[in-house]
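As recorded in TrEMBL:
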BINDING   127, 167, 175, 371, 376, 418, 457, 458, 489  substrate binding site
ACT_SITE  259  active site, proton donor
ACT_SITE  456  active site, proton acceptor
């Protein structure tokens, strides 16, 4: 496909085409055509400038670029005074930084950022993987590939959301690469397997350190909470000149997939399949000790021996179990005790990390956010089984999201929620799903708690229906609209003709308060974007553009 920026004021010859060679020798095609001067778009190709000034340093070039004519924010980013603009970010690939510690395909990344800027996107999001940055040993950090990315993002006039990713990549929905925890952490886990979450059958999950040992010095003399704080502090010190200006948000990882939850539905080796209820993750020795102490504290020592014995297995349904069925154990005195303890430990874990992050970043000008999973299957069942095993005590009788919203609001942290693109009618009947009902509940909780709400899509979607659902969700009703939306994720498919057009339409609609006008195939009234496939007659002259 060809990504074409149409400019009403051309600084090069009409229909001149420039080909930017990417690191993998795939050309990014940027074609400019002269149109009538109803809208002004100015573009500076950073790769061309590098060609003319390659003897200067990257920083000097970036400073000069600020003086050059930059890509003007296009019509899709125009907002109206009578509507609330919702900025849109795009998640970068999971392997944006390689296992070798370098920025992956930097020239392709440069072209992709240029395209996203032209679409009116506010910025991008990237995972700062613990397993990459602190790979070489405790307190030995390598931020250099991220520094290269930050400078590139700044050069294109974009903003950056950075995820403090203290979890491994691999084993969950959408994971396309494998990035384990740091080797020295894995060594400690091999010596003491109870450092990670464990289910009733004794399966160990290496995605994330168990919250049960948050305050135990099990990582070569430091506690996990101290390790996370040192990591964030190192990030702050390395990027202090960009915080609040280029880097505008820090999303603090608090569990698997960076979400505040237990790894109750792991896909690794087929352990869990949708729409299974999942399993409680409270069987490492640290969690068991905590449960025993909580039971003894209320005079019910017999309740502290382990999790519920009748809660079933990963791929069962609520009615298959004694605990989760309609009139099950979940709604007894014991069930309420266990669920309050299990969800309470998760909330306590999240608050401790966020308090630490707040202390580190409070004067930096960045926003903090925390991500909560959109577990929509079995939502219509009374017990909400899949949410319970993940640590959200949400049932027909108990609101599990209000305590989370209040905790986040207390510390000024944005509540980031997924599954914003899903509709109930798209889900299989047997799974008892209601993503729309779940989103409504979360919006009510954040409104009541006065917490900012931001959103993401849970699965990769490129169709107009998914975007329309996000638009509907983003609208402000009694001040509970979205503060921002982050799209999952940038890849080759996103830049294909219709997919790209849908994204451009979506970004413009979000910037205009939910209006859903569609960009025409070509616009002579001043729009700045045109996307189309290269005709077969042209393919012999140039390859299809691949930006990522």
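A Cβ is built for glycine as well, from the same backbone N, Cα and C atoms used for every other residue.
Note: the Cα of residue 457 (substrate binding site) and the Cα of residue 259 (active site, proton donor) are spaced 14 Å from each other. Non-local neighbourhood of residue 127 (substrate binding site): 94, 96, 163, 165, 169, 258, each in the same chain, at least six residues away, with C-beta under 8 Å from its C-beta.
Residue environment of residue 456 (active site, proton acceptor) contains 22 other Cβ atoms, counted within 10 Å of its Cβ in all protein chains.
The number of other Cβ atoms within 10 Å of the Cβ belonging to residue 457 (substrate binding site), over all protein chains shown, comes to 22.
Counting in whole angstrom, the residue listed as 'active site, proton acceptor' lies 10 from residue 489 (substrate binding site) by their C-alpha atoms. Sequence-distant neighbours of residue 489 (substrate binding site) (same chain, 6+ residues apart, CB-CB distance under 8 A): 90, 91, 92, 93, 94, 174, 460. Around the Cβ of residue 376 (substrate binding site), 26 further Cβ atoms fall within 10 Å across all displayed protein chains.
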